[in-house]
Amino acid sequence: MKKYIIQSVRLTAVLLVLLCVIYPLFIMLIGRFTKGEGGGEKIMKDGKVVGYAAIGQSFTKPEYFWSRPSAVDYKADGSGGSNKGPSNPEYLKQVADRIDTVLKYNPTVKRADIPADLVTASGSGLDPNISEQAAKIQISRIATIRKLDESKLKDLIAKNTEKPFLGLFGPSKINVLKLNVALDELGK
Amino acid sequence: MNTELLGIIATYLLTLVIAIPLGIYLAKVFAGEKVWTDFLKPLETGIFKLSGINVKEEMNWKQHLKALMTINLLWLVYGFFVLIYQNKLPLNPDGNPGMSPDLSFNTIISFVVNCNLQDYSGETGLTYLTQHFVIMFLQFVSAATGIAAAVVLFKAFRDKSTEKLGNFWNFFVKSITRLLLPLSIVMAIILAFNGTPTSYQGKDKFISVQGDTVNVSRGPAAGMIAIKHLGTNGGGWFGVNSAHPLENPNYITNTVELVAQLIIPIAMVIAFGIFIRRRRLGWMIFGVMTIGMLMLLIPMVQSEIGGNPAIAKMGISQLTGSMEGKEVRFGPAISAYWSTVTTIISTGSVNSMHDSTMPMSGTWQMLGMMINSFYGGCGVGILNYFIYLIIAVFISGLMVGRTPEFLGHKVEAREVKIAALITLLSPFLILVGTALSSYILVNHPSAEWAVQPKTWLNNPSFHGFSEMLYQYTSSNANNGSGFEGLGDNNVFWNVTAGVIMFLGRFLPIIGPIAIAGLLGAKKYVPESTGTLKADTLTFSLMTFAVIMVLNALSYFPALTLGPIAEYFTLIK
């Protein structure tokens, strides 16, 4: 028994060095050669960092494309979903309210055209994406406020739509931050 | 929608393309045959030398268990104290606090037993030091413990009659140097180049386009996310696990993480057949497990793609499926596949919030964890399946009126008793736990804990019950996923789930190894016309039936009170 204890202690010490010092430092070194140099890829606008490409941020002003609802309000020093069950009456009321808000700000949009992702909270609370449909129903509102041609916005959305991986696998999506940065450029 | 289904098929096929050769490779590694990674031998020799281990020393099954338990208990003590005092240790750029004793108790058991249930949130609950020196360390060694335990079982059936089952340290260290570490390095590099952070910089701050000030948690996560999947651990760097856009930035990383968590469990099954020189048996087991997986996967994908009927009633199109708790970059189909994979094997990482999935999906998730052997966790999946095999052998023996045999060894009262006890353990722990928490919820709603029982549940009615049932199911299965709405960071949940995780890990390792050790030492009975052949279709169906009947009898009453009842309220 005593033999196993001593062997366990020594083996644990050796493995701590291998797995917790050498391994992560090696990965860190390699990470230096990636796009964000291991700290995450940043998005710049007018020479300033306005966010991370991967991390969604709150867009609630009517002149921007809105992001999805978030259970943590896009506070990126935490993360979280709503964890509401599908039959929870309180939750369903919240969804109904969100639908009303969307309809209020986008009077030309029909109820049946609202996609589910625009009225439900994401898993992380930091979802950087919305669906194509979620962007399309906001065109009319943004065009009116910014006095832009709707066709220009349509092109902008088409340009910013990321197709399924290799055109074959998974959903297509739009990065809201990149879309809105491009939208501000358009107005200039 | 079709590109999403295509994504599932491609991911599974890619898994098999990697897992099958990996299984062949593993069988050779553990048999000590020549393989291309033999250039790592000096590294292993060095590790053994520094640790004072002589790998030539053969152990019997009892010595194996002693070695296994000794080192695991050592990790428990080590991690418990490091977590409590993490605020006084270096590498804490965000200034996070030390853990309370009950939270540390829960966390350290959770990671030692390969469960990775997390009652804390990574961004605020740990430091970079503990993320690496406790969490990631245990993700490697707990997976290696499971694999080494499975190899002990393999050893017992390789030769006709033997007590010498190899050296535990040898299997354990080789699981790391020949399998987990090299694969982790490859995977961490893929993750890093897709946007997962690798540097030790602390939180960042920026002003968003709209003018909000935002703080972003980061940290050297890529290395840990690799092993968390390869080792079927599942504990994430960030609170929301692989739903977090830095932990799982895009569809490629999602595919890589899905493939990674499934390859070793499948490879172990293939390796079993090859190692004991009964390839057909390996494939039969693989077949049963795959059919089991499909039975859970297909209805789950269907219910998630179908969307939420209550929201459909409000006139909102459910063409994109159920999106609450899901990420747009993955979509409902691959999220449902992830839910299936992460619950049938014991990973427990999530890329969508299980609490918000459709009621019937919740049923399939819990059933996957209750069965816990459709592929199953790293190494332990095959140990769990072995228990079902012994029960099936016993029942088949009774049906034909002969002393049951398994692979040429007589299965007698002692072995069957152990198997029966292990089988009964799971429903006992899950159901007693849920009954206890329900009792406290109803009778002591204002107990003075960090989270009062009356505020435990995030959802009312049947779904609330499911949150508690899920928590104990996940603890017992050493899965670690959760219906995360549950307010579980308080002394009651931390302690009860901690105890259940501990028992749910070590007894189902000790049991199968004891049975295998006992059987392996028995005289070999040559095959005759009356021998029950374990590698036939009939016997495989028998095993499948045993798995289904045992689990249905144990759990359907509880599942009916939770997700099934919710399902009926939702469609009425």
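Yeah, the Cβs are placed from backbone N, Cα and C, and that goes for glycine too.
Automatic, uncurated: that is what TrEMBL annotation is.
Through the fold, the transmembrane segment (B:6-27) approaches residues 35, 179, 251, 255, 258-259, 262-264, 266-271, 274-275, 282, 301, 333-334, 337 of its own chain, all at least 6 residues removed from its boundaries and within a Cβ separation under 8 Å. Residues annotated as transmembrane segment in TrEMBL: B:6-27 (among others).
Feature annotation from TrEMBL assigns transmembrane segment to B:65-85 (among others). If you look at the transmembrane segment (B:65-85), the same-chain residues 6 or more away from its ends with a CB under 8 A from one of its CBs are 59, 98-101, 103-105, 107-109, 111-112, 126, 129-130, 133-134, 138, 141, 145, 148-149, 168-169, 506, 509-510, 513-514.
Long-range contacts of the transmembrane segment (B:133-154) within the same chain, counting only residues at least 6 positions beyond its ends with a Cβ under 8 Å from a Cβ of the stretch, are 30, 61, 64, 68, 71-72, 75, 79, 82-83, 108, 111-114, 116, 126, 165-166, 168, 171-173, 175-176, 179-181, 184, 223-224, 227-228, 230-233, 235, 264, 268, 271-272, 275-276, 377-380, 382-383, 386, 509, 512-513, 516-517. According to TrEMBL, the transmembrane segment annotation covers B:133-154 (among others).
Residues 26, 29, 35, 37, 40, 43-44, 47, 140-141, 143-144, 147-148, 151, 222-223, 225-227, 229-231, 252-253, 256, 260, 264 of the same chain lie 6 or more positions beyond the ends of the transmembrane segment (B:175-193) yet place their CB under 8 Å from a CB of it. The annotation transmembrane segment is assigned in TrEMBL to B:175-193 (among others).
Taken from TrEMBL, the feature transmembrane segment covers B:258-276 (among others). Beyond the transmembrane segment (B:258-276), the same-chain residues lying 6 or more positions past its ends with a Cβ under 8 Å from any Cβ of the stretch are 11, 14-16, 18-20, 22-27, 30-31, 143, 147, 150-151, 154, 157-158, 179, 183, 187, 226, 229-232, 234, 282-283, 285-286, 289, 334, 337-338, 341-342, 345, 347, 349, 375-379, 381-382, 407.
Annotation comment: TrEMBL describes B:283-301 (among others) as transmembrane segment.
Using a Cβ-Cβ cut-off under 8 Å and counting only residues 6 or more beyond its ends in the same chain, the transmembrane segment (B:374-398) has close neighbours at 114, 143, 145-151, 153, 231-232, 262, 264-266, 268-269, 272, 285, 289-290, 292-293, 296, 344-347, 368, 404-406, 411, 415-416, 419-420, 422-423, 478, 505, 508-509, 511-513, 515-516, 532, 534, 539, 542-543, 546-547, 550. Under the heading transmembrane segment, TrEMBL lists B:374-398 (among others).
Long-range contacts of the transmembrane segment (B:418-442) within the same chain, counting only residues at least 6 positions beyond its ends with a Cβ under 8 Å from a Cβ of the stretch, are 370, 372, 387-388, 390-391, 394, 453-454, 456-457, 465, 468-469, 471-473, 475-477, 492-493, 496-497, 500, 503-504, 507-508, 511-512, 514-515, 550, 554-555, 558. The annotation transmembrane segment is assigned in TrEMBL to B:418-442 (among others).
TrEMBL lists B:491-519 (among others) with the feature transmembrane segment.
Taken from TrEMBL, the feature transmembrane segment covers B:539-558 (among others). Tertiary proximity for the transmembrane segment (B:539-558) is limited to same-chain residues at least six positions away from its ends with a CB under 8 Å from its CB atoms, namely 284-285, 287-288, 291-292, 366-367, 370-371, 373, 388-389, 391-392, 395-396, 423, 426-427, 430-431, 434, 469, 532-533.
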Positions on the same chain near the transmembrane segment (B:491-519), where near means CB under 8 A and six or more residues out: 60-62, 64-65, 68-69, 72, 102-103, 105-106, 109-110, 112-115, 117, 119, 146, 149, 152-153, 156-157, 163, 165, 380, 383-384, 386-387, 390, 406-407, 409, 411, 414-415, 418-419, 421-422, 425-426, 429-430, 433, 436-437, 440, 447, 449-450, 453, 456, 471-472, 475-478
